Structures are given as structure tokens and as C-alpha cells.
Amino acid sequence: MTEQIVTWFQEWGSLAIILSILLNTVINVLGVVPSIIVTGANIVVWGPLAGGVLSWFSEVLGSTVAFLLYRYGIRKWKGTKDQHWKWVQAFNQWTRKKQFLSVLLARLTPFIPSVVINVTGAFTHIHLLDFVIATAIGKIPSHFLEVWVSHDLLNISRNDFRVILVLMAISVAFIFMKKSTQK
């Protein structure tokens, strides 16, 4: 799939940036296709730095669009009534700072799908600007790792040892996180 996207980007020339942004936005709204596919294509076409920044920007924009669409849909469905779920009521009573920090922490937590954070945020009264800034900051570390792994996987013959180390580190972190949540 990444190869096909690379071909599209190369055929589209400078308009490929717009195509990349649109693809990442659609991926974020749908929430089922991993964005690493587009990130990998961006890295091939524009290199790790420019491709990584483009992917990060696109994912932040995509999360924002998804958040707004989900919020619109939820409000259309529920009307102006507040949610009766206790977690939504509790979140809505928090200060703006605490709401911001909770979204930031969720974005910084590995393995939480973006769609979960987007939908969860849409159910609450968090300010759009707070959601966007927390998303932008929170996506930096995970996106850096995604770009790094994508770049190394695309160049595995030169980076095989580093790929193995990074994947082992991710696996160990996942195991520790899983064990700590089971306690």
C-alpha cells in the first residue's frame, strides 16, 4: 500500500502535499487504517525530516477535523443535553488546565489509538484550542518514534540492528505497561 501512495505522490508533484494531508485527515476520521502507511510514503518522497513534519501536521489536522466531526455528530444525536455518563460530567467540571493535561497525557501514552482520544474528547466540553494544542504537543514523541521506525524499516538493510533494538524496546515497554495495569 505504501508503494502505491509513493507512486501517487510522485505523480502529483507539488500537489502531493495536499494529497498527503487529505489522506491523513481521512485516516484520522475513519480511525481504522494506521497512519504509518502515509508516514512511510511521506518519508520516501520527502525524507525523514520534511516527511515527518508533514505527517505530524497532517495527523494533528486530521485529529482536529475528526474531533469536530465527532462532536458535531454527537451534538446532533444528543441535542444540547449533557451526557449522563459520570466520567463526562467529571471531566467537564475539571479546570481547563486539567482537561488540557488529560488530553496531553492520553496523547503521550503509547498504544492509545488516536480515534479513541478524538471520540472521547468530542463527548466532553473541552475547548477546541486546548484539544488541538494538547494533540500537537502530545503527538510529537510518538510521531518521532513512528518516523524513526518507518525510516529504518524502509532502509532495513542498513539499519537492521537499530530496528531490532527499537522493536525490542517497544515490546519491553508494552509488556511493562500491560503488567502495571494488571496490578
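Even glycines carry a Cβ here, placed using N, Cα and C.
Here is what TrEMBL says about this protein:
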DOMAIN    33-148  domain 'VTT'
TRANSMEM  12-37  transmembrane segment
TRANSMEM  43-70  transmembrane segment
TRANSMEM  100-123  transmembrane segment
TRANSMEM  161-177  transmembrane segment
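Per-residue confidence over the domain 'VTT' (33-148) averages out at a pLDDT of 90.
Residue counts for the domain 'VTT' (33-148) under DSSP, split into helix (H, G, I), strand (E, B) and coil, are 95 helix, 0 strand, 21 coil.
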